[in-house]
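The structure appears right after this line, and notes come after that.
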Amino acid sequence: MSFQSQYLLSVYQAVCQRNAGEPEFLQAVQEVLESLEPVVNKRPDLVKAGIIERLVEPERMIQFRVSWVDDKGEVRVNRGWRVQYNSAIGPYKGGLRLHPSVNASILKFLGFEQTFKNSLTGLPIGGAKGGADFNSRDKSEGEVMRFCQSFATELTKHIGADTDVPAGDIGVGPREIGFMFGQYKRLSNEFTGTFTGKSLYSGGSWVRKEATGYGLCYFAQEMLSHIKQDSFEGKTVVVSGSGNVAIYASEKAAQLGAKVVAMSDSDGYIYDENGIDLEVVKQIKEVERGRIKSYAERVPGAVYTPGCGEIWSVKCDVALPCATQNEINGEQAQQLVNNGVSVVAEGANMPCTPEAVEIFRANHVLFSPGKASNAGGVAVSSLEMCQNSMRYSWSFEEVDAKLKWIMANIFHNAYQASEEFDHKGDLVIGANIAGFLKVAEAMKWQGVAY
Ligand code: NDP
C-alpha cells in the first residue's frame, strides 16, 4: 500500500475494517484513493465536507431472494442485488451481471467504479450495479425467462426512469433485458426508458450493442493520436473475451486498419494469424451461444489453446482485455511487455491487477483504465434514456458521432486532469480525479443529511 497522506490511509483502513472479506471492493477503493493524493492537498474543502468518507459507502444496497421453477418443475433459489451507489449527479445507472461468481464485493466494486465512469461521460447519470449468482450457461430459454421475470419482479420496486435505470453486463444481453423489461412493463403499467440496452423494436438505441467496444477503440485511437501521433493502422491486436464488448472492439479495431489475431472465452483462446473472421465469431457466440473452440474447427489455419490466461502470451502491439476483472496479472503483463506491447486499453472493468498496471506504467506502455475507456456503453445508454424521454430516435450515424465525440472528450478531460494535478499522461490518476471532482462538487453542493 502506498499512501503518503495520513488522512487517506485512515479512510482506507476504516474501509478495510468495515468491508472485510470483500477483496474486489477494497482493490477498487485503494486504486481510486491512491489517485486522490494530489486532490487532498489542493482541495481541503472537499476533505472537510467528508466527501471521500461518504463516497466509499454505497447510498443503498438491496439484497433479495430470486425463486423460480426450472424445466423439471423444481424450485430453484438464487440471490439478487441492486447496489444504488451514488446519485449526486443523476439517477442511478449501471448494468446487471448474471454469473455464478457474483457477490456483494463484486457488485460494490462495480457500482463504485460506475460512479466515476458515469461522471467522466459528462452526462447526468449516477452510479449503480446489480445482478445475481445465476448461471445462464446451462439453462434453457424458458428457464432464463422465468429467472429474469422473477428477478425483475423484485427489482421493479426499486427502479424507474428518474430513479434507477439498469442495463446489461456479463450474462445480460438483449434477450435478458427483454425478459426483464417485459416484466417491469407488466407490473408498472407504463412504457418508459427504465431499462437501457432494449431492442430496437422496443425503444432501444442504435449503436447500444456496439457502444462499449466501438467506444473503447475510439478512446484508444484518440490516446494513440494525441500522445504518440499514431493510430490503429497496421497494428496487431489481441482481444480477450468473445462477448458483447470483445466482439465490437474487434470489429472497430479492424475497421480502423488493425489485425485482430486472438480472442477467448473462459475455457481457452483462438489464434488466427490471418486475422479473426468476426462473422464466424458472431455466428458462434451471438447466434449459437457456443464455445470459441469451435472457431478453430471452422476456420482453416486457426489454432485453439485451452486456458484463457494464455492469450497474453500472443505477441501484439495493442492488448484489449474485454472479459472480466483481474484477468491480467503481473506475470502476464510482463509477458506482454517482453513481447513489445505498446498500448493496453481496458474494455472490461478492472481487468488488470494493480501489479499489472504498475508494470505497464514502469515500461511506458500507453494504458487506459476501464472507467475511462469502456464508458461508451453507458454513454449510449444515457443517449437511449434521452431518446426515450423525447419519444424520438436518432439514426445510427447520429449516435455513433455522439459516441465518438464523448470518448474523445473523456480522453482529453482525463489527460487534462493528469496535467493539472502534476501527473501528466497518467490516465489512471487523470480519470480518477476528473471523475471524482464532478461527483464531489455535486455532493458538496447538496449538503450532508444529518
Ligand atoms: P459478456 O457476457 O457478453 O461476455 C463476457 C466474455 O468474457 C465471454 O466471452 C466470457 O466467456 C468471457 N469471460 C468471462 N470470464 C472469463 C475469464 N475468467 N477469462 C476469460 N474470459 C472470460 O459480457 P460483456 O462483454 O458485456 O462484458 C465484459 C466486460 O466488460 C465485463 O467486465 C463488463 O463489466 C465490462 N463492461 C461491459 C459493458 C457492456 O456494455 N456490456 C460496459 C462496460 C463494461 P464465457 O462465455 O466462457 O463465460
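Cβ atoms here come from the backbone N, Cα and C positions, even for glycine.
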Candidates Ser342, Ser368, Ser381, the one TrEMBL lists with Lys93, Gln114, Lys117, Gly168 as binding substrate: Ser381
DSSP state at Asp169 (site 'Important for catalysis'), helix/strand/coil: strand
Ser381 (substrate binding site) and Thr212 (NAD(+) binding site), Cα-Cα, nearest whole angstrom: 10
Between Lys93 (substrate binding site) and Asp169 (site 'Important for catalysis'): CA-CA distance (Å): 12
Pairwise C-alpha maximum, in angstrom, for the residues (Lys93, Gln114, Lys117, Gly168, Ser381) that bind substrate according to the record: 16
Listed recorded positions adjacent to ligand 1, that is, members of Gln114, Lys117, Lys129, Asp169, Thr212 whose C-beta is under 6 A away: Asp169, Thr212
Cβ within 8 Å of the mean position of the Cβ atoms of Lys93, Gln114, Lys117, Gly168, Ser381: remaining residues of the chain near substrate: Gly94, Gly95, Asn118, Ile125, Gly127, Ala128, Lys129, Ala167, Thr196, Gly377, Val378
